[in-house]
Amino acid sequence: MHKYDVVVVGGGHAGCEAAAAAARLGANTLLITHKISTIGEMSCNPAIGGVAKGVVVREVDALDGIMGRAIDQASIHSVILNSSRGAAVWGPRAQADRKLYKQAIQEIILNYNNLTVKEESVDDFLIESNNNGELCIKAVITSSGEHILTSKVVLTTGTFLRGVIHIGEQVTPSGRMGDKPAVELANTLKKYNFKLGRLRTGTPPRLDRGTINWSILQEQVGDNPPVPFSYLTEKINQPQVSCFITHTNENTHKIIRENLHRSASSYLDDIIAPRYCPSIEVKVNKFAEKSSHQIFLEPEGLDDDTVYPNGISNSLPIEVQREMIKSIKGLENAEILRPGYAVEYDYIDPRELFHTLETKKIKGLYFAGQINGTTGYEEAAGQGIIAGINAALSASEKKESFVLHRTDSYIGVMIDDLVIKGVIEPYRLFTSRAEYRLAIRSDNADRRLTQKGYDISLVSHERYSVLQNKLESIKQLEEKLGSLTITPEQLRSYGIKISYDGIRKTALDLLSYPNIDWNKLQEIWPELSSVTRWNGKMGHTKADNRAKNEICEAVEIEAKYKPYLIRQEADMKFLREEINTQIPINFNYSQVKGLSSEVIEKLQTIKPATIGIAKQIQGITPAAIVSILVYLRNRKTKVAASFA
């Protein structure tokens, strides 16, 4: 029998990040997937990133993950969403050439050190009890009956657990168009008493590029130059193409309304679909007052005639889909290459997980991605990398785990939401979910997380060197700006009015004002024109222009956010101290006086690792938190006294 430190099941976005992370940490890792040819498949939209989501991609990259580098090799239309607003809500997004993205992922995964890929499916586990009576993973059992020994398993099954596809009245067991579902594995999870629920999602029909009348559509041009996701990418090399915009109309809506009874939405209403990415049937039915809905026509590749009409996901019968498409401006003669469909699938209640994404029921078993009730490639990747890291650390018998918090990352926000609050609908990240979004931005993911990754040997020396060079250059530039001073009176000659208190202001001080930018500073201090060639004494391995832009941008953003970040840091410090108060894993809450039976039951079920986590559980009162804190402190005092 073969033996591996870590086995990852599923070759999607979560699985690839989990497998790569475990392998980077030195774990002998096996990635098991139904088809090697579908590793890195973009099952739905051909794009990576977006508001909040783009920050996650940067965070994964900062930890030496692979998604950012792969999309940079496949990017054919790049934009920074919300670029006219503050940096806290910037959303990097890139349209991908599907083939190039999958090719990039496969090239990385199939040549990764410490990583083996096997084409197979997993149906069951070999589980044993340890000396403490805990259930532990000992092996995975494949559909062919093979036992593969391992103590750590990461499940990243996507929409495959008892997946069923719906196109009108046509129902097909499938995890994705053309791929069989994972039925036995779902039964296995049920056997071990995991709480399973049912969710659904959907995808639009794919259109033939050559049958679309592009001349009457609104063109949407990407950013020039396109901005890479990865901190290691010098520039985007692929040719950039435009996307186009059209809209549904009253006739489109009439066709949909007349056929709502034939849509899967009509008989799957008890299975919840994504709230923030609704099907066109839901849009028309829920927002009846709207006369049109926007559709983005997104190319799926440079040499691919397939077009993705973002905004009309549906599960109507194919003949209705054809009629609907032809009612839309520019699509009157459009041909459908593949129909849209809905897919329903099993997910587990993520409250059954620790923040490491290890399950509470079975030691050594981790879940990541849509199996946890999330939606989106980026959310999957963020979970995958955390699960892979912790599986590898645990396999190496290192005591520490790797947990990101709400205060340091969007990944931390997402996982905290999942394991504490759970989900009743497909979970999607937004900036509004992050209380500390001013500090966890798309521009500073490397400065927030790369050191953390390097400290556990997850991050390469190359990436760490790039970060150190960047930090040194930022420091030098801030020192340069801090050495240049001017009085409020002198500023009047440049049309700048600030408080006339007689106190000299540095160039760095001025940069914090909303109406002062680099151009204004260069007007006051012409010698700062050299900042356009700023490269720092240590230099950079990336293209000078991007390095310069990142450094100047970092200094300006930090200057403008500084007053707010100082206040926020005080809040974050208090929160960190509170959330880091540890609660023993097998803590007996019934010993704490004053806790109701309801509170005890919730705490025993969720098993919060810290006071901060316990506070977020619905129904846990401040009085209960105080009682637990007092009990823990008294116990700590008694233990200390016994050793005195």
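Placement of Cβ uses the backbone N, Cα and C atoms for every residue, glycine included.
Feature annotations, courtesy of Swiss-Prot:
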type: BINDING; residues: Gly10, Gly11, Gly12, His13, Ala14, Gly15; note: FAD binding site
type: BINDING; residues: 273-287; note: NAD(+) binding site
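Taking the Cβ of Ser279 (NAD(+) binding site) as reference, residues of its chain lying under 8 Å away and at least six apart in sequence are, in sequence order, Gly202, Ser263, Ser265, Ala273, Ser313, Asn314, Ser315, Ala342. Across the structure, Cys277 (NAD(+) binding site) and Ala14 (FAD binding site) place their CA atoms 20 angstrom apart.
Of all Cβ atoms in the protein chains displayed, 29 besides its own lie within 10 Å of the Cβ of Gly12 (FAD binding site). For the binding-site residues Ala14, Ala273, Cys277, the ranking by surrounding Cβ atoms (within 10 Å, all protein chains) places Ala14 first. The Cβ of Gly11 has fewer other Cβ atoms within 10 Å than any other of the binding-site residues Gly10, Gly11, Gly15. Apart from Gly10, Gly11, Gly12, His13, Ala14, Gly15, the residues listed for FAD, the same chain places the Cβ atoms of Val8, Cys16, Glu17, Ala18, Thr33, Thr156, Gly158, Gly369, Ala380, Gly384 within 8 Å of the centroid of those Cβ atoms. Each of the binding-site residues His13, Arg275, Lys283 was scored by the other Cβ atoms within 10 Å of its Cβ; the lowest score goes to Arg275. Between Gly11 (FAD binding site) and Asn285 (NAD(+) binding site), the C-alpha separation comes to 36 Å. Mapped onto three states, the DSSP output places Arg275 (NAD(+) binding site) in coil. The number of other CB atoms found within 10 A of the CB of Asn285 (NAD(+) binding site), across every protein chain shown, is 17. In this structure, the CA atom of Arg275 (NAD(+) binding site) is 25 Å away from the CA atom of Gly15 (FAD binding site).
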